Amino acid sequence: MKLISSLLFLAFILRINFVNAQTSPLAINGVVDLTSYHPQKDAPLKLSGEWLFAWKKLATETELKARGKYTNVPGNWTAYNSDANFFDNDFGYATYGLTISLPKSTENWALLLPPLPSAYKLFVDGKLVGSMGKVDTSANMIPKSVSNVVYFTPKSDKVFLLLQLSNYHFSSSGMWSSITIGNPKQVTDLSNKSFIADAFLVGSLLIMGLYHLAIFAMRRKEKAALFFAILCLALALRACFSMTPLLFYMMPEFSYSLALKILYTLFPICLLGFVYFLTSTELVRFSVLMKRMFLVVAITYTGLVWLSSNPIYGNLLIVVIIMAAGMGCFTVYFLIRHFRNNPLDNGLLLAGILACFIGLLNDSLYEAELINTGFLLPFAFLILLLLQAIVLALRFTGALTQSERLATELAKSNIAYEQMVLGRREAEEQIEIESLKSKFFSNITHEFKTPLSLITAPTEYLLRLSNDGKEKNLLNTIYRNASHLLRLINQMMDLSKSQAGKLTKTEMLGNIKEFSYEILFSFQPLADGKQITLKFIEEDIPDNYCLFDGDKLEKILNNLLSNAIKFTQEGGGILLKVSFKQLDQQSCFQFILSDNGIGMSAEMLTNLFKPFYQASGTSFLNPNGTGLGLAYTKELVTLLNGTIQAESKLSIGSSFTVTLPVQLIEELASSLSDNSEANTALTISEDGLPNNLPNLLVIDDHSGLAEYIANFFREYYEVNTCNDGEQAWNIIQQDLPDIVISDIMLPGKDGYEIASLIRNSPLTSHIGIILLSAKSTIGSRLKGLDMGANDFLTKPFLLSELKFRVDNQIKYQQTLQEYYHKHVFATNDFKSDEATHPFLVKLYEILDQFLDHSDFSIADLADKLAMSSRTLNRKLNSLTKMASSELIRNYRLKKAATFLSTGSSVSEAAYMSGFESVSYFGQCFKEQYHTTPSEFIKQTRTINY
């Protein structure tokens, strides 16, 4: 903080020194002595001190000297206009005069005149050397306020400056700034430097304002960026009027009155932008009343500016200044209070805001003619921008360090994951190819599918049975051409759909790296036939699942790989490189397929993606080709909002680059996180039972995938996640979820073990199980179902499909609940074949054993079943939608109804079923069966009779 304070103080001093280059000799009695001044060595001087002065007189040199009155420069003439009212005391005209004793020299001299209110004429030894506006003794004068450099050559070592000044438009008057004198080069350089510095300041503020405005346009939630942009743009425009008036240099004929209104309007706009910027960053919390007060004052003052003249709104500026001072004090108070939360960031921002506050007060006091330091707020605001940039740099450095650490961890995870994937590679690749073929054939219309099926199916069967080489060749020819025909039909259908705009995307959840790898090596048998080497390279691929259209990506890669193998000679090589990139803030996967085949010419590349185009020449023309493959591929890439590019050289090889946008799990999870917060929460009753939503447990060793699935289901279910099989089994026993969604590959216990434990434990046997696996072999599915899973889903999968399967399991469980619930309420006696669930059979046996024990409690029943009371409650709720106490009471009533129907009296039935009080038994019985025990006896005995 000491360093920052020193920098701010230094900037303030430098600004003052910029205005006042060096200590200047003061004029005394209208004469200033510059005989010791060296114009070639010394810096320009300010002509300050006592000037000759004639109020309400456009006097000549003789008249001015005859009057012998003086006034201080810089200063105003308000004191001489005592007969005017409050709003007009700056109106009038006057003449200033100063005798300058120059060093003996024949050099030329220059004068820098600041922007003076509001019109003037400058004479040197009676010769007019400069003017601004039109000087007049009435309101007919024409104001203009722009700094100006004039030059003169003295005739002797003494010159007399005479300045005629008039003002009937501005709320400030007189020579409020001093004239600067020096050699022409230095004065001109001083003027140019001031102009360049102010232009740089305006440009910097304008760029920052537009930059933050663009941020807000892209992220409408960033309100701080909007208010910061308003503040920057308002300050940039204000600087055009208030410092070196850049606007008048660009538009000399611009209305002076309009310029003043814009200048004063920007003051409350800057103030409001500052207030709302602080509020949106949550550094300062202004009350609603305070913000409304600021807004009302700003709107009122702005209206006053545009409905009145400058003498009125200029003199009332003090009201806004007082409000700005109060707001600044309140801001400093709040920032100091929040300093401990983040000392570095808050300290830097506090220093920047304090600098702006000081600059704001300085500008306000300068405009009110209380000080003469010049405008500092724009420079102070640049300090704020610099400090904010430092804060962002610190955060970026921290984020980069964190990113490097995470990248190292990710690399280790990738290595471990690759080793696991390599262990899972089995003979399923061939079965996967057959499965993809089946899906491909299923898209054909019935008219083509039936005859093609009657060709391909018998041919495939004969191929498996045949051992004759010649016969196999003939059968292979039939099968290959039938498959080719089917592929052409599908491509033509999809191509026509795409051109008609009817082809749509179907995104699924999966791992692109694994997906691409399997597609590449599905071509291994074809490549082996030509002794072609296939190679797969991955680059910067995050170990994340993502949403992508697997069907269309597969067709794209299949077409490209098929062409690569077709046009690569024996012994050649094909490389598929898959990489992850961020392009225009969009996550993308890039697929580069390269071969060292025969290559293509430039003419071929130009027509490559046109439908039905085939290169001429014996090396390229494919008698079985149609020219649809690459055109179809380009249509699919375009549909997926991607790009495809081709590079090739004859006799060297070809390379195809496909770039497709995707959504990673982290991006999808963050977009769902806001929605998940609004979902209905699971409420728990005192007995530990859930009151509304079914409970799901999602188990996957990939935490991102588990959380994404959980976020998707949280709108419909209460969801928990777990990444370890051993921990998951403990959670299942404790919480008894309704459905378990589990990956097969897990640390601790795998999915098969969890399914077996759930199904074979009486405590958990009612829980539904859905297994997820990258293995699509029939053996994997059968093993999962054999271990007790209710359903099996292969990755990549559609979340909508998973939801349908979960919903079906929930509906099935609810059907069983209704059945068991109705069974408990039924008045007929219990039969062992009615209650098929083994847990309920055991529970009913225990209740029968202790039926006449009125003191047999829930705790006793739970103890007999070797579980806690809370677990028993959750188990019974899952099976019957009843709590333990409700089920025991209803079962006793059901048994009592059986006793009553077989001849027992009311009191006998009550005591035999465990009720201590006959009256309480009668009350419960009537609530349950809507009739009294006595009436029930009459009804049942009448029916039996």
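Here the Cβ of each residue, glycine as well, is placed from N, Cα and C on the backbone.
No curator has checked TrEMBL annotations; they are predicted automatically.
Note on the domain 'Response regulatory' (695-810): its mean pLDDT in the predicted model is 82. Annotation comment: TrEMBL describes 695-810 as domain 'Response regulatory'.
What TrEMBL records for 841-939 is domain 'HTH araC/xylS-type'. According to DSSP, the secondary structure content of the domain 'HTH araC/xylS-type' (841-939) in residues is 72 helix, 0 strand, 27 coil.
The signal peptide annotation in TrEMBL covers 1-21.
As annotated by TrEMBL, transmembrane segment applies to 195-217 (among others).
The transmembrane segment annotation in TrEMBL covers 224-248 (among others).
For 254-277 (among others), the entry in TrEMBL reads transmembrane segment.
Within the chain, the transmembrane segment (289-307) has long-range Cβ neighbours (under 8 A, six or more residues past its boundaries) at 261, 264-265, 268-269, 271-272, 275-276, 279, 313, 316-317, 319-320, 323, 327, 330. The transmembrane segment annotation in TrEMBL covers 289-307 (among others).
Under the heading transmembrane segment, TrEMBL lists 313-336 (among others).
The transmembrane segment feature in TrEMBL is assigned to 377-396 (among others).
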Key: Long-range neighbours of the transmembrane segment (254-277), counting only residues six or more past its ends (CB under 8 A)   = 118, 133, 143-145, 169-170, 223-224, 227-228, 230-231, 234-235, 237-238, 241-242, 245, 247-248, 286, 291, 294-295, 297-298, 301-302, 305-306, 310, 313-314, 317, 320, 323-324, 327, 356, 360, 377
Message = Let's see if you can do this one: DSSP helix, strand and coil counts over the domain 'Response regulatory' (695-810), in that order.
response = 53 helix, 26 strand, 37 coil
